[in-house]
Amino acid sequence: MDDRRSNAFAENPLVGRAVHKMNGAGNAILVLDLRGAGFLPRPEDARALARAPGLGYDQMMVLGDAADAGEAAFMTIFNQDGSLSAACGNGTRCVAHYLAEQTGATELRLATSAGKLFVRREGPLAYMVDMGAPRLDWRDIPLAREADTACVDLAAFGLPPASCVSMGNPHAIFFVERIEDFDLAAIGPRLEHDPMFPQRANISLAQSLAPDHIRLQVWERGTGLTLACGTAACATGVAAARAGRAGRRVKISLPGGDLLIHWREADDHVEMTGPVQVEFSQTLDAAIFSGRDD
Ligand SMILES: N[C@H](CCC[C@H](N)C(=O)O)C(=O)O
């Protein structure tokens, strides 16, 4: 066959693969198991999957082969816009559930480009993830210039200074009196792209309800408004404890559900506990990848 023709009609290697739609506290997660496959989706494939009718996702968790024998999988995490994130708390619980159902394991280790994660099953549909230690140095967030990360003045939209935390991905949290006083869909994209954030940032509005309870709404880097964001909940728990607004154990209520955060004193690690839901599985067809990539 003519080479150019065969290339033009060559099928995307994702066609025929199964994806598993799940959610973690409402955060829409697609799990794509490519262990043993030896390839990753391209950014344009990730975008095509994000806009596929009835499929869609906030994050796609792609499983690849782990480097260490004790690890179940390496996770490559895509946002809707095809960009990568080194961490995703809700997606990690979903991946843990997918693997736990296959193997019966109640404890497992997973890896991302940001490090290693330990997960424990807490119930039929509940998992605790050790998300590791937060990073609070301005260079690690990263910020564009030296600043006190507990108090970053972005001087915008009538918001107070932000608290910035990295959980492997960058977060800016604004503690406000009432979340409803701000239009996060309007200000989120502008703050995400603020020059202070050379790698952009996830933007959260947090409202203290009690010393152990915080409401949270998140504009996610590369995705937009979501019903929940696990790493944002972790970062908010850290920021609240750091500022004396909360203790080290706090419930974070997001539009899609609640997450329990415990910033351990002993080793500085953040534990996140929360639910997963399985929605459906589907085999990918060629039509998903045939549209324009704008
Ligand atoms: N929803 C995810 C976080 C996605 C973060 C991503 N938007 C980025 O940092 O680029 C979570 O549950 O932690």
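Yeah, the Cβs are placed from backbone N, Cα and C, and that goes for glycine too.
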Site-mate of Asn27, Asn79, Gly89, Asn90, Asn169, Asn202, Glu220, Arg221, Gly230, Thr231 for substrate in TrEMBL, selected among Gln59, Gln277 = Gln59
Asn27, Gln59, Asn79, Gly89, Asn90, Asn169, Asn202, Glu220, Arg221, Gly230, Thr231 excluded, remaining Cβ within 8 Å of their centroid (substrate) = Asp58, Ser85, Ala87, Cys88, Gly91, Val218, Thr223, Thr226, Cys229, Ala232
Could you measure the widest C-alpha to C-alpha distance across Asn27, Gln59, Asn79, Gly89, Asn90, Asn169, Asn202, Glu220, Arg221, Gly230, Thr231, the residues recorded as binding substrate, and give it to a whole number of angstrom?
-> 16
Have a look at the recorded positions Asn27, Asn202, Cys229 and say which one has the shortest Cα distance to Cys88 (active site).
-> Cys229
If you run the three-state DSSP split on Asn90 (substrate binding site), which class comes out?
-> helix
Between the binding-site residues Asn27, Asn79, Asn90, Asn202, Thr231, the one whose Cβ has the fewest other Cβ atoms within 10 Å is Asn79
